[in-house]
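Colleague: Have a look at the structure that comes next, please.
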Amino acid sequence: PGAGVFQCTITGIAFKVKSAVTITYQYATWTKHLSKADQETWIPAGPLFRIRVQPGVVEKVYLPHFICLAEVDTSLCSIAHFKSGKMTLERPTRLIAFSAALENPSFSLLGVLWRKLRSTLNSLPVHSLVLIFQQLSAANTTLHLYLIPDDVSVKQAIEKQETDWNSKVIPKPPPFRPLFLGCIYRVTSTNSVEITPEEQLPFCYKSPKEQQLFFEIYIKNMAEEIGLRMTDTRNDTEVWRASLRSGRNSSTVTWPWCLLGAAFLKKHRSNLCSRMGQLSTILLHLRQENVINSDEEEEVRGQGTGQKRNQLLLDLVEKKGHEAQEQLYQILRTKNPYLIADLEKSN
């Protein structure tokens with residue numbers, strides 16, 4: 001509607017514009033445009049977008065990425081620009097958590113790439129998601145568990161496919177530490193269940209239109225509670241855990257929301273009011289998880305200072321109950337792990 005910075009609540013892409021403008025954008029597929037030779041050199045680090053807009057109006061574009069920047073060489077990041085079947089690479093103007101900014105861009109196909117190095121093939125840390133779906137048409141409890149980079153386009157493709165398969169999502173937290181592309185992760189259970197294939201899968205990036213890898217978990221007799229655990233096979237380090245329990249209907253399982261998030265937010269409220277950063281990213285994820293609505297998001301953004309914005313957000317989440325507080329806690333663990341670690345060490 002006018003000059004300013006505008007972020008898409010569905011995809012996470014954002015634009016800084018000089019004036020009112022119409023921007024058309026959609027997902028594209030990396031494997032269709034990135035040549036076999038380039039796939040040997042580059043790893044997709046976020047969605048690929050096809051963008052159309054009149055020239056000269058967009059001052060800056062913010063492209064989403066899922067690389068954890070804490071311990072990586074950021075000089076390996078480039079923005080790919082595909083035009084007339086050819087790829088050119090540009091250095092991002094600025095690289096920040098969850099997005100790469102490019103000033104005065106030209107548009108067609110744009111996305112973030114990360115250069116492969118032999119020394120870093122299994123040491124590229126990424127933010128990730130665990131998605132669990134239950135097949136409602138199965139005679140016994142059958143779950144599909146996906147481990148994917150935190151790429152909204154991939155998440156949406158999986159949700160659509162599982163909906164077509166008559167499945168429902170089971171809410172879940174993300175892994176509590178960054179995962180590494182190319183590494184093997186194993187899923188085990190505290191109970192006797194069948195997990196295929198062989199309880200472990202490689203962690204990799206696959207474009208949204210490709211078939212995603214998943215664990216199939218078959219539970220013949222649903223116990224009162226079943227624990228799932230994911231570990232890195234290199235050192236048996238635990239990276240994720242969850243519990244499932246029977247719902248009112250014996251054919252369904254539900255997520256047992258605990259009081260961990262509520263207790264953490266209550267204990268560290270004053271510190272969170274003054275130190276909680278990356279509010280735009282946090283609000284985006286809370287919107288995607290339907291914890292807050294657009295009016296509540298605008299109310300938070302409209303507060304005069306960062307501390308007041310954080311205080312209002314904490315008030316809103318507290319009023320919505322334990323599940324909402326757990327969602328915020330898990331988002332903070334993923335998006336601001338150093339703050340959470342620091343606060344959890346404090347008395």
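Note: Cβ is positioned from N, Cα and C throughout, glycine not excepted.
Grabbed the feature section from TrEMBL, which reads as follows:
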{"type": "DOMAIN", "residues": "1-258", "note": "domain 'FIIND'"}
{"type": "DOMAIN", "residues": "264-347", "note": "domain 'CARD'"}
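In terms of burial and nearby residues, how do these features look in this structure?
Modeller: Per-residue pLDDT, averaged across the domain 'CARD' (264-347), gives 84.
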Colleague: Please work out the helix, strand and coil residue numbers for the domain 'CARD' (264-347) from the DSSP assignment.
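Modeller: Taking the domain 'CARD' (264-347) as a whole: 66 helix, 0 strand, 18 coil.
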